[in-house]
Structures are given as C-alpha cells and as structure tokens.
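Chemist: Got a structure here, written out as structure tokens. Questions coming.
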C-alpha cells in the first residue's frame, strides 16, 4: 500500500464529514480567530501596564494615550495604575475564558465527528457483499472501528490544533513585531528553525513507527480473537502460553512504537524552555545596555517575555500535533479504506422493493468462482425448484453444496449465467428484496449474548418482538418445553455465542429463529446434524405442517434427513451429478 501525503489523507477524511459537522467546524474557526484576538489584547495590555509601573509620566506624554486620559479626567500618573490593572486583568481573564471555550468546543466537536465516522465504518462494513467478508479478516474491521477510529478523531483534533496554533502564532508575532521587529523576527525565526530541524530529523522514524502501530494494532486484535474464540481448544491443548507469547510480542512492539512517538512529540518542549530562558536573559542584557538602561527596556522586555510564554507552547502544540498525525498516518489510511467502502443502493431506502415469488427458482447455466485467480466452484448449474417443493442437496465435502445455497440466498452473485425467481433475474440491485423471502438455518448457529426471546426474533428491536410468535416458533422447533422449564424462560440469557446452551439447544433456537421469520423459503444447511433422530424427525414433521406453499431446501450428509424431499440433487466437483427421488438416490447409493 502506497503511503499518501498527510494533506491528501486529511482531504479524503474531510469528504466523509457530514455537512452539519462541516458547518460546526466553520463556526469553530471563527472562535479560533476570536481567541487569537483575545491573545493580542492580553499581550498588548502589557506595554501600558508595565509602562505605568516603571515610568508613569511617559504615558501622559504619549499622543495616543493623551485624549483618553483627559476624557477620563485623570491628572496624576498614579491614577492610571488602577484602570490599567483592571484592563490587564480583564484582558487576561477574557483570553483564558476564550481558550477554555475553544478547548471545550473543539474537543466536543472532534469526538462527535469521530462518533459519526465510527458508525459510518460499521454501517458500510455491514452492507458489504458476502464475498468481501469471505476474504477479509474480521480483526481488520474490529481494529478499524474500535481502535483506529480513535486515530481519526486524533487526526481531526490535531489538525484543529495546528490551525489554531498557526492563527495564535500569527497574532503573537504581530504584537511582538510592534514592540521590536528585529528581536521578534529573530526569536520567531530561531524557534521555528529549531522545530523544522527536529521535524526533518524525526520524519523517517515517525513514519516507520506509524506503519508498525497500524500493523501491530490489527495483530493484537487478531491474537485476542483467536485465543478467546477457540478457548475450548486452547484449554484442552494447554496452549495458553503460546497465545500469551504471541500477544506479548505483538503488544510490546505496538507499545514501544507508541512510546517512541510520545517521546518524539513531547521532548522538544524541554529543550525549547531552556533556550527560551537563555534568550530572555540575553535580551534583558542587550536591552539593558541601551540608553536609559533597564527601566526603559522593562515594558518591551515584559511584552517579549509574555509573547514568548505564549509562543513556545503554541509552537510545541503545533509540533506535537504534526507528530501525532504522522504517527497515525498509516492507520488513517486504513480507516479511509473502510470509509471508502461503497454502500449498495438499498442501504438508503426506507422501504425495500417488493419481489414476487409464486412459481419457481431457476438456475440457468450458472457458474461461480470467488475471483478470477481461483477455479470455478460451481459449473454449468441448470436446475428449477418449484415453490412448495422440498429439495435435498447431497455431495462430498467441497462439491459446492454450501456455495450453491449462498447463491440461492443472494449472498454470492453468479460469475456467469443467472439465478431467476419467477423469471426475474436476481442481481445486487434486487437481492435484498429476494432475501426477505428467505430464512436460513446454518450448521454453526450464531447466538448473541442476549435473551432467548431476542435470539429467536433476531434483528427485531426488543420493543417490537411478538412474544406469541416467539413461543409458536419455539414449539415448532421442539424447544419450548425446555425454555419454559427455566426460571427466566424466554428472558434467559444464553451467554456469548450461546455458550450456556448445548449444541442441540443452539440448533433448535436457530430453527426457531428461521420459523419466527415466517419466510417463503427455509434453508437448512446441516442444521439438524447435532440433533438426535427422534428430535430431528419431530422438527421436520412440524415444519411439514406449515403448509404446501413453504419451500424447503436441505443440505445433509444423513440421507434419512431427506426422506420427505420431493427430489434430491447430488453435486460433484461443482456440477450436478444426478437428480432423483429419495428412493432412487437411496437405491443407487446402496
């Protein structure tokens, strides 16, 4: 992956900011300008304030101050001290309040924009085609949403810091130039040159750490997923230390890279503070050598000291912000790849278009492969499935059974040929409409860490669940008696991935989920393999009683599971080997 310039990445990120947030960022820039103006007032108020303290009579002779003094009715230099003290204090309070308001506004807006980006990544990822999920490691997405999205927030925040710092530096420099142009330019130029050299010296190191942070962050998530996801095998094999060592190495590399970036970001501050003190001492000496000595120099020196006190932190903030952005440059690029994922047309449709299913599902010369570099998984499939029929699919492992079912469900688009429903071709534009007719029961049932009720009515908001329908589906799946014998009944929590349930209970809840959907087509992909023969027959008998309009497709290794099928399709090497009734297939197999 080619590294793009940071400016280009920030432009791409800006395109993903909503119009509402962009308007808020515009208002924030106005606030930055106001805060800068307050800084000018604070530094500008130092000159007359120190002037009154050291040589008050000079203020009376100043052409700009004379009209104001007469208007206020002041006759003695000492009378100026209180008004100027009040002005100076008020300017300092206003400047501090403005900086506090700016900090609150920028932080709040940045994290709000970050939340928008996180949900955008999650939404775009969930809407990606199934083929994309087949080739992508989930740790990449999880890391992008949970960890790297924070880097996008940091990029926005640090960009605002750089903009704010640039405006503040300009304001401070203007005031310092009005005090002593030569000293102001040399001070600003000297500090700026040192920071430029530091940036040049650390550029390659920060970029290298950026790459390491991006890769190791994903690696850490991957190791955690694998260790916890396969916890039964880890415990049985006693491989805890293996995973601990892998995690330790990846996490150590990640933390070292992050630590180096923090050091590179913060370390110049201490060097600059020492140089600043040396510079102020030298300026005090040089100004003290001028005519009228140190007394005349105090106002100018005070303004320069206050200006430097403002300038150094601003320079450090700008440098630190640059280091942080560079440190997460590669992570930001990863985030943008997730944000650039296209959304399908139906994603923004409030109402899903209707697709009729009254007659049949047809495969016409259908071929499928996952990419142009891989062999065909399905070859020349020609098959018609009438509505209301019961069709079984058999074949050895790798024959293409599950892939064919994925094509039926609209998860995988055909590479060649067509899938038709009532003569209408199924494509990505109408696949969602077709999927509303389908319920799927896989071999490995996914259960969320929520209640039985929520798992059966999967994807339905809790306040919209029809409990009577849940009970009916559970009864048909032969699990209602078990559920209703538990203290919490349908409110019982199943644990992560249903770990508190047996394999048979998980499969029956998966079957109940499919029945709750009341779909026209139910697909069983080895869905009854964990059930005993008696329970399996009871479930299939209950499903048979749902009516002749229900189409059932079953993948099974046990031929007895397919005894009620109107026809059985045998696949071999991605093609249809034979089609026959249960009796024909059993006779030929025997």
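Yeah, the Cβs are placed from backbone N, Cα and C, and that goes for glycine too.
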Chemist: Ranges 183-203, 204-224, 225-245: which does TrEMBL label transmembrane segment?
Modeler: 183-203
Chemist: Need the matching range: TrEMBL marks transmembrane segment on one of 57-79, 80-102, and I'd like to know which.
Modeler: 80-102
Chemist: How does the model score the domain 'ABC transporter' (363-590) in terms of mean pLDDT?
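Modeler: Averaged over the domain 'ABC transporter' (363-590), per-residue pLDDT gives 81.
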